[in-house]
């Protein structure tokens, strides 16, 4: 599903150029659950952003479902993103002005799904993450674990083929963290590909494969089962 | 999608209450100004531009080839000549304006202004009638048409039709028609119309306004060529006269002519005020732009999230525009309420009372247009800035709005304060100029001086009245004149000569004319410079005596004026006295040459200097009872000269109050914006402030650090505004001969004022941020 070859990514400021990712090659198969680990600043979040088409790459090739997307413009990327990729962030990133229901509904609004269909799908996914009873609450009224469950619901409501999770349990206690990890595992078992950046060895054990990075390069890959 | 936009926008506005209130308040003030100004502008454009046959109605004007001036009066026979000789003319009607006349019904009398008109007047102008006939109402010489208001005050609730009204206790008329009260948007001002009844032969006196309606399809340029020589062929004296028709609808706004060509007029004031209204709206829009982009940092995360989950740039632009349109719609609704409340205040300032009731749908359409336009205008820049945020940066909390020294925001603040400074300087100079003119020495003591109208039998009994008043002890001096001394209503030129006058002088010197009886100089309180006062009828030869003012002597170049002869056409007069100059015309002009004749006809203005030892109410009561002995039918009509003189400042006072009002509004909106801006900026710099405090910065140091950027911007605004204001105000002052010079300290004062206001606005927030406990701002890291 994801074939990234010889990826180079630099960050430039006025005087300094920093190499963020250096000649990196990664393949992820459909249905896989991959964890990316490494110390702070090793480039794992940058990698995730490039995979999620939020950031562009400077050199190399990126095939998404066998389509070269490295040179896609903003509009095409946005199109591909909204139909294929769901995001889960460490800090949840829910919109404070919208209720639980509306937050989850938003991706469907942007893909012009009719209202009745939206309602059905949002309710279905809220049931799945067991937050249906809080559907009319605003994010500030929920606990961290509940917020992350909403964020997961929002990520999957469009039934994306790929979910990208950036330290999804980073802001949660272990109970809530485990709940979210189980949720992701379930989604993976149902066929969704997941790439997750994490610091936690415990979380990484839920993945099929762990990629370890250092200074913008992959230094080790392990299969966990 | 749109429902989603509205919902999100609404909640976001509720969440950022401070921002929302500042924006709505600013836009409300801006839109109210626009609404009231639109109402006034519409009224100006509607002026005599609403008759059903509008496009064919013209006024007959004439221009003089010699001095290129254009006049609006015509001789009496012109109307008949037009209808008889030109089949293109459908109707022609003369209008002769009456001064106040006494109208009596049974024993009740009131004074009112009216017009004497030809019967076709009501065919040309379709003023609607509520009762009686309309088009043929004036076909009978004893008919009178009255307005609803006059009918009410004369007849109360009785049916006015068929009632008899007596005019000036002389002639009786029968009411045949009642018209609606005149709208505010016509330059006609009459309470009654009576049929024209005057000497038809005179081509030499230009006392009438003539209106015509042409048949449809007449080429006006061709027609104007035909009538060009009309007056001069009949009146050889007026050989320099050229006639032309001018569209009635353009008279009000475009009646300033140069060589017969319209070069503007009231339209320039309309443009100026409309411009100021738009300027205020722009200042309000700038607030919106500045605050929206300033709080962009706060909303950056939301933009990022939305983009990540699939929002396109178009979606986000749509969302932010919805927000700004909602703000402007709310502001628009509040503006309607605010204008309703503020309208009476503006009506006091403006010469035309405005009303929302009589306004057509146009003003509302304009408001709607402005609301939507403002929403889009104010929203479009922030919408594009915010929607262009890169999601990856916003989600990582990287600062998205770069802090540069020369940002769009700075430019806008400079623009805003620059406009405010121009308005401050303008207001200051207008007020100083008016103050300067009103402090001007009038040339006589205006206090304790009364003017009383003599009417009916009182005119003949002037000498008796005079003696009774002087003997009473209430009054120290009395004279009577042909017109008020506070105005110059009559002037003439071209036909005067005196010893030593060059042909150029005889032809070009303009004299203001008035006539008076004895004791003129003493009563008014002028200084007798040379010779003596008029003393008619005691000296019968004084019917050929004249007085001149110093300005006249100077212009004429006379060395020993007393006893010299002065010719006006074939008439010969003797100069008997010279009096000191006094202001009778515009207080902004130099004193012009003035001539006082002693003609005794039409001496209907009694000037009375009262004794300041007596109580004014008793004095007035005594004068009233004395005058009423001789003309009981007339209401006692008196005016204080100082009040009348003060009216000269009404027009400029109006400009002054308008400029003051608009300046205050502009400053208010600018300060709102500045307040909002400093609030957001202290919020985004809160961590920096905390660190500085931990490292030992003082409260005053931090407060001044936060304020100094704004003071710099206001300073730049002053530098830019100064030359613009200097240029504009020089142009404005050029219209006054008696005027102040623009001084450097006026700009300094305005500048200090602007900086003071800006500093006051920002310092409160800056100090608040500076005294905050640094632990609070650093803890949430």
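Cβ atoms are placed via backbone N, Cα and C, with glycine included.
Listed features, source TrEMBL:
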type     : residues  : note
DOMAIN   : B:20-228  : domain 'MacB-like periplasmic core'
DOMAIN   : B:276-388 : domain 'ABC3 transporter permease C-terminal'
DOMAIN   : B:661-773 : domain 'ABC3 transporter permease C-terminal'
TRANSMEM : B:21-41   : transmembrane segment
TRANSMEM : B:272-291 : transmembrane segment
TRANSMEM : B:320-342 : transmembrane segment
TRANSMEM : B:362-389 : transmembrane segment
TRANSMEM : B:410-432 : transmembrane segment
TRANSMEM : B:660-682 : transmembrane segment
TRANSMEM : B:694-722 : transmembrane segment
TRANSMEM : B:742-762 : transmembrane segment
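Sequence-distant residue pairs (6 or more apart) of the transmembrane segment (B:694-722) and the transmembrane segment (B:410-432) include at least 3 whose Cβ atoms are under 8 Å, placing the two stretches in contact. Segment contact holds for the transmembrane segment (B:362-389) and the transmembrane segment (B:272-291), given three or more CB pairs below 8 angstroms at sequence separation of 6 or more. With a threshold of 8 Å between CB atoms, the same-chain residues lying at least 6 positions outside the transmembrane segment (B:272-291) that come near it are 19, 22-23, 26-27, 29-31, 33-34, 37-38, 40-41, 324, 327, 370, 374, 377-379, 381-382, 408-409, 412-413, 415-416, 419-420, 423, 658-659, 662, 665-666, 669-670, 672-673, 676-677, 680. Counting Cβ pairs under 8 Å that are 6 or more residues apart, the transmembrane segment (B:742-762) and the transmembrane segment (B:410-432) reach 3 or more and are in contact. DSSP assignment over the domain 'ABC3 transporter permease C-terminal' (B:661-773) gives 96 helix, 0 strand, 17 coil. Note: the domain 'ABC3 transporter permease C-terminal' (B:276-388) comprises 96 helix, 0 strand, 17 coil (DSSP; helix = H, G, I, strand = E, B). On the 0 to 100 pLDDT scale, the model's mean across the domain 'ABC3 transporter permease C-terminal' (B:661-773) is 86.
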